[in-house]
Amino acid sequence: MELWAARACFVLLWGCALAPATAAQGKEVVLLDFAAAGGELGWLTHPYGKGWDLMQNIMNDMPIYMYSVCNVMSGDQDNWLRTNWVYRGEAERIFIELKFTVRDCNSFPGGASSCKETFNLYYAESDLDYGTNFQKRLFTKIDTIAPDEITVSSDFEARHVKLNVEERSVGPLTRKGFYLAFQDIGACVALLSVRVYYKKCPELLQSLARFPETIAGSDAPSLATVAGTCVDHAVVPPGGEEPRMHCAVDGEWLVPIGQCLCQAGYEKVEDACQACSPGFFKFEVSESPCLECPEHTLPSPEGATSCECEEGFFRAPQDPMSMPCTRPPSAPHYLTAVGMGAKVELRWTPPQDSGGREDIVYSVTCEQCWPESGECGPCESSVRYSEPPHGLTRTSVTVSDLEPHMNYTFTVEARNGVSGLVTSRSFRTASVSINQTEPPKVRLEGRSTTSLSVSWSIPPPQQSRVWKYEVTYRKKGDSNSYNVRRTEGFSVTLDDLAPDTTYLVQVQALTQEGQGAGSKVHEFQTLSPEGSGSLAVIGGVAVCVVLLLLLAGAGFFIHRRRKNLRARQSPEDVYFSKSEQLKPLKTYVDPHTYEDPNQAVLKFTTEIHPSCVTRQKVIGAGEFGEVYKGTLKTSSGKKEVPVAIKTLKAGYTEKQRVDFLGEAGIMGQFSHHNIIRLEGVISKYKPMMIITEFMENGALDKFLREKDGEFSVLQLVGMLRGIAAGMKYLANMNYVHRDLAARNILVNSNLVCKVSDFGLSRVLEDDPEATYTTSGGKIPIRWTAPEAISYRKFTSASDVWSFGIVMWEVMTYGERPYWELSNHEVMKAINDGFRLPTPMDCPSAIYQLMMQCWQQERARRPKFADIVSILDKLIRAPDSLKTLADFDPRVSIRLPSTSGSEGVPFRTVSEWLESIKMQQYTEHFMAAGYTAIEKVVQMTNDDIKRIGVRLPGHQKRIAYSLLGLKDQVNTVGIPI
């Protein structure tokens, strides 16, 4: 036995010396280390001299010690090995690491029937060191220690002893110290190492908060809450939480709460707050770095919170500190006043110096002077402006209802956001004299064979200055004589005229200062003698003529509709363009009309050799097979470009082959920036492939859901404009897509959207009213126009309806249209007049365009050319996108009103968050203490930001959802 132990010791310690130490977590404080003590501990054995024995071996000129026991042939055993008394110190839970080896009982002669392969570990707490007084009853069993590997006979022949490492923990400890004891019950064991330690969470500096070294707790499930302190020049942000972390039993820091931020004038540099350098500033408590002082500011000292403006420059209250200081603009440049009767048109050019700002507006004031007295004063309120005279953004305005024979002086002042901070004004003036009244507006009231009844009108403010009106009339062609009638009224009947004769009539106002402006010369004709006697007959004939003209016009209109592309606007709908679209130079050819689809492929596509294509990884599965990302060698062979590769699966049917090649024949005819580009096909080898350009961001609907809330409205509208441009191109080629949806739009790395997936697409005939009737195939109900669902007929107008749904998908970041409604419910709702509600933060102009796309009558929907034009105008005028459509979160954010069939509100916070697709924030709510619906409904907008919801779109979605959630909770009477 002893010979085996000595031999095992040598081999075992060789393996032990090479074994790496177990990686420890947290900071370990060692209380006892048998291996490091070098045999000087002198542990107590019981019974003395019969069981455990301390053995020594020499390795690398160093003594190696271990306790071993191997009384396997002597019947039942009860051998104890007790450590010295160990002072606990501040430890509450201790960890015990054992390294040992156990010999296989079958390696002994006869199998040693009493042999065991385990031993027991005990501990006892005490406030005193009992010395050599050993009492078993004081010890409590920790565990039975069993090896993972035992050393068998063949291991001895190979001089390899298998080392086991086990770790146990004990706690909480309450006495001053403790003993450990090892009980042998008949095993052959060598104990090489006993290491006892406890754990601390180390001192930590995180998020500009310092956390002290903390002793790990004794109870595994619990976490010790530790308050942190902000580093110098860092503070808890307003409304934020004090920094806290939790020290786990294994010495790891967990669950950080709160944070510190550098105060104004300081920025974060590594783990400290450093004062802003001279010439830099930081004006708030935030994570942002110090900013360089903007233009027209004075150099700032170290640690500045702002930069003072240079003399003559200012900062408006609403200006951010990072904005350069600015000054008022110079006066408007080149002001002109052009008189037009009783109107004056004022025009000017912008100031040559804008003061560094773009918020320039203009104010127009008017002063009138009486020529007789020379007195001047503000213009009377009766003067009218074509638009409000204050806050003008345009550089022209028309002033009307001016009085005749009056001098006017107009002042145009340029102002910007800092003009109110100075007393000086930047203006330019122009004067004009009004010498005449506005010309009368003349109309014919009635006529006979010998008379004409004429009336006229002038603006009311001028009527008081007119004392009479002069009517001049003469026969057309007679320049030698004329007649004059004067009257104080606004009408006159000219008698004694020749029948069936044309007269030239002019009316002029007369004032005390002289003649006013004359009206236009009008031509009026008296009736012929025959015409007056047969008026009824003529009236009847006129009615017939009008009816014939209407019928002829209707026939001509129908002929035009059949000949040209269908024009879908109605006479009273001026929202869309009325111009006729020209026929495209190129018309789409349906590959299915070819007897052999290979002919269409040869005509419209490029055949690629398989050696030029490399498939790299599967990125999806299509209708015909798998879709790969790969590379395509260019014609020069020197460059490879990324491509998407669509394959035709093995075992395909003839119809699948024809449809697969047909899709390639379709794509090969298109060439547009917003249509997916076909690189070529492999049709002569298997598997057949369609190679297209690679779109890095994939399908639009999935991409938007992943980037929820990250884009500006202008970026979203730009995406829609690209899709509309692609569809305009298809429509101009007489092509109907039939499956336009966000899932069939692909997005590249530059956010360019391209129309793809032409599997359901079909061609329109030359007839602009042509449709395509399906053969019973599936129709994407949520995206399809009602007439296409009901009659299985598709037109470009039905594609416009689908585009409206795509607009809604984009503005909602990939929401499912009509949410959880079934297809049957969707069709019923549409036929009942329901339309998808306003998306959150959707510009009014965009939602109006959606509603136009969803007109029940397809003839009233816009064309894609109209849509592109409208979107272009909105993009060129971004301010037009700032007006948001009315938004009702209870409708526009689809919230199930209850959870479960019994009408009970959401039972859990996670269930509610999942219903609004915000489940990624579940842990944020839990960590911040919002663990129940009753707590959630009390949250404010600041609370939502505080728990870590950073994206504005997500903040609004949760906030709007809370409105409906509060209603639900109040309805069922849950107290909040």
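Cβ coordinates are placed from backbone N, Cα and C, and glycine is handled just like the others.
The cysteine that Swiss-Prot pairs with Cys70 in a disulfide, picked from Cys9, Cys188, Cys201, Cys230, is Cys188.
Measuring Cα to Cα from Cys105 (disulfide bond), the recorded positions that fall within 10 Å are Cys188, out of Cys188, Tyr594, Asp739. Counting other C-beta atoms within 10 Å of each candidate's C-beta, the modified residues Tyr594, Tyr628, Tyr735 are led by Tyr735. Rounded to a whole value, the Cα-Cα separation of Tyr594 (phosphotyrosine) and Tyr930 (phosphotyrosine) is 65 Å. For the recorded positions Cys115, Tyr735, Tyr921, Tyr930, a Cα-Cα cutoff of 10 angstroms around Cys188 (disulfide bond) retains Cys115. If you take the CA of Cys115 (disulfide bond) and look 10 A around it, the recorded positions you hit from Cys70, Tyr921, Tyr930 are Cys70. Between the CA atoms of Asp739 (active site, proton acceptor) and Tyr921 (phosphotyrosine) there is a gap of 34 Å.
Candidate recorded positions: Cys70, Tyr628, Thr647, Tyr735, Tyr930. Nearest to Tyr588 (phosphotyrosine) by Cα distance: Tyr735. For the recorded positions Cys70, Tyr628, Tyr735, Tyr921, Tyr930, a Cα to Cα distance of within 10 angstroms from Thr647 (phosphothreonine) holds for Tyr628.
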